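Student: As annotated in TrEMBL:
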- 54-72: transmembrane segment (TRANSMEM)
- 84-104: transmembrane segment (TRANSMEM)
- 147-167: transmembrane segment (TRANSMEM)
- 188-209: transmembrane segment (TRANSMEM)
- 215-234: transmembrane segment (TRANSMEM)
- 246-262: transmembrane segment (TRANSMEM)
- 274-290: transmembrane segment (TRANSMEM)
Amino acid sequence: MAVAMSSTCPGLYCGRTIINDSFEGECGVCPRGQRTNFEKICEECSGCPELYDWLYLGFMAMLPLVLHWFFIEWFSGKKSSSALFQHITALFECTAAAIVTLLLNDPVGQLSIRSCEVKVLSDWYTMLYNPSPDYVTTLHCTQEAVFPLYTIVLIYYAFCLVFMMLLRPLLVKKIACGLGKTDRFRSIYAALYFFPILTVLQAVGGGLLYYAFPYIILVLSLVTLAVYMSASEIQSFKNLVAKKKRLVVLFSHWLLHAYGIISISRLDKLGQDLPLLALVPGPALFYLLTARFTEPNRILAEGGNGH
């Protein structure tokens, strides 16, 4: 197919749209779902997300769910029997929001998406690369070069909020009898705070999170596991298995450890990467084996005895 070439478009993300084998219009922003190639021509994104892209989307999808569970547990109280139902409802809300988001994205009606390849960090921040060819007029070429990894997360958060406002207040009002009238809705109020924060985080730091999320998962999961085991005074395997809730928390953190390891390795070489999953129980085992040596009362007692 022969296409008449014209002057090259300036900037990293400015391009020309082709219609009927000819250039259409001047250099400018590509339509949504397209990005420029090396010839500065807008091409439709027809690729499929890589494993790392799906892992990133999974991380961003987990954030509101984990925060929901945290605040539900925090505000439910030990005597409340409604926490389990609220946990299940939060899981349903986030799952339904994820499914609806996938169905509404291109291709519409399918649980799959087409995407543009993420090449460099600047692909996430095209608004910072609008060129000024004559140093006077700015050519605005801001676009979603990482389509749809940027906007799909924002759409998902919007549906999470909608489903929460439709389902959770009715559920809490019916079953949260162990809490006061003001306490029972605090987990919902917390969500009204953290959803705007997550939205701003994605809008401003989406590109940084894309490259850093595997390490964030590993660090946070290790820290929160250590804090939980310390706060629960778990110093032996017997203390660990004394309550089912502790085992649930432990296995949840192990899943996060594995998720972070897989995200870092990307499973490019299965023979080398899969054995790394054997490291998942390592931090918990290390804590249990060394907790008795770092118990504060023991250290203070030995210090008082002059040891």
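Cβ from N, Cα, C; glycine included.
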Student: Residues of the same chain, at least six outside the transmembrane segment (54-72), with any C-beta under 8 angstroms of its C-beta?
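Tutor: Residues packing against the transmembrane segment (54-72) from afar: 83, 86-87, 90-91, 93-94, 98, 149, 152-153, 156-157, 160, 164, 186-187, 190-191, 194-195, 198, 202, 209-210, 213-214, 217, 259, 262-263.
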Student: What same-chain residues lie close to the transmembrane segment (147-167): Cβ under 8 Å, and 6 or more beyond its ends?
Tutor: 32-35, 45, 49, 53, 56-57, 60-61, 64, 68, 89-90, 92-94, 96-98, 100-101, 104-106, 113, 115-116, 118, 124, 188, 191, 195, 198-199, 202-203, 206, 210
Student: Same chain only, please: residues at least 6 beyond the ends of the transmembrane segment (246-262) with a C-beta under 8 Å from a C-beta of the stretch. Say none if there are none.
Tutor: 55, 58-59, 214-215, 217-218, 220-222, 224-225, 228, 232, 234, 239-240, 273, 276-277, 279-281, 283-284
Student: Near the transmembrane segment (215-234), which residues from the same chain, at least 6 beyond its ends, have a CB less than 8 A from one of its CBs?
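Tutor: For the transmembrane segment (215-234), the far contacts come to 59, 209, 240, 246, 249-250, 253, 256-257, 259-261, 263-264, 283-284, 287-288, 291.
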